[in-house]
Amino acid sequence: MGQEDLMNKAEDVADQFLRVTKQYLPHLARLCLISTFLEDGIRMWFQWNEQRDYIEATWNCGYFLATCFVLLNLLGQLGGCVLILSRNFVQYACFGLFGIIALQTVAYSILWDLKFLMRNLALGGGLLLLLAESRSEGKSMFAGVPSMGESSPKQYMQLGGRVLLVLMFMTLLHFDSSFFSILQNMVGTALIILVAIGFKTKLAALTLVVWLFAINVYFNAFWTIPTYKPMHDFLKYDFFQTTSVIGGLLLVVALGPGGVSMDEKKKEW
């Protein structure tokens, strides 16, 4: 069996998986993608005083404005998550979460931290995919076959979402000389490039989902660390950030790559 035959067989398996899970996959993708906002909103509640004091001390904005900032983050994120999961006013919820990302980028000085800035931009890419999905409501959920009437804005939202997911993955690379890290970086980079350009998209995205899930559970097992240790919060943050990447990839599987992709262009050849 040649390489092309193996690829075709693997794509058939991916198509079969999609047919079996197409009723549930968009729901799971949404839950994974908004998990970062959900976790951060809950953390705002349990760390209310710490968050308020940090903002007040950093910006010297006073008790009232610092409290408003924490309250806006809590309500904005939890409210947006509820609307997205319930499929009510999804576009407004996405725009609200875009605003939260922008607000946090400024308030926590993320603009000057390349790693965190890239992660925030990638979260914005996930929201772009959610916006693209919300434009598909009432249309076929069968992935990979865009309708002839699909609008250009949706196509470019899908492209932007795919490309921004690359930024998130780049922050997950481990730059050391161990064989496993080198293998992880090479395989993961190849797969994420395929997703970004929209080539063999469903197969590449599903493979990357399995790959990232295994890495996430192994490296970011925050539940094994006592809550009083700082490492618990660091691993928890990384765990949900990676889970959001997985959610974005699942949305790519559910929606297909869109019109601006190599998979779509191949149909014209």
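Glycine residues also receive a Cβ, built from the backbone N, Cα and C atoms like all the rest.
Feature annotations, courtesy of TrEMBL:
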- 63-85: transmembrane segment (TRANSMEM)
- 92-111: transmembrane segment (TRANSMEM)
- 179-199: transmembrane segment (TRANSMEM)
- 206-225: transmembrane segment (TRANSMEM)
- 245-262: transmembrane segment (TRANSMEM)
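Long-range contacts of the transmembrane segment (206-225) within the same chain: residues 14, 17, 172, 184, 187-188, 191-192, 195, 231-233, 235-236, 238-239, 242-243, 245-246, 249-250, 253, each at least 6 residues beyond the stretch ends and with a Cβ under 8 Å from a Cβ of the stretch. Residues 14, 18, 22, 25-26, 28-35, 122, 125-126, 129-130, 132-133, 136, 141, 143-146, 150, 152, 154-159, 161-162, 165, 168-169, 172, 195, 197-199, 201-202, 205-206, 208-209, 212-213, 216 of the same chain, all 6+ positions outside the transmembrane segment (245-262), place their C-beta atoms under 8 angstroms from a C-beta of that stretch.
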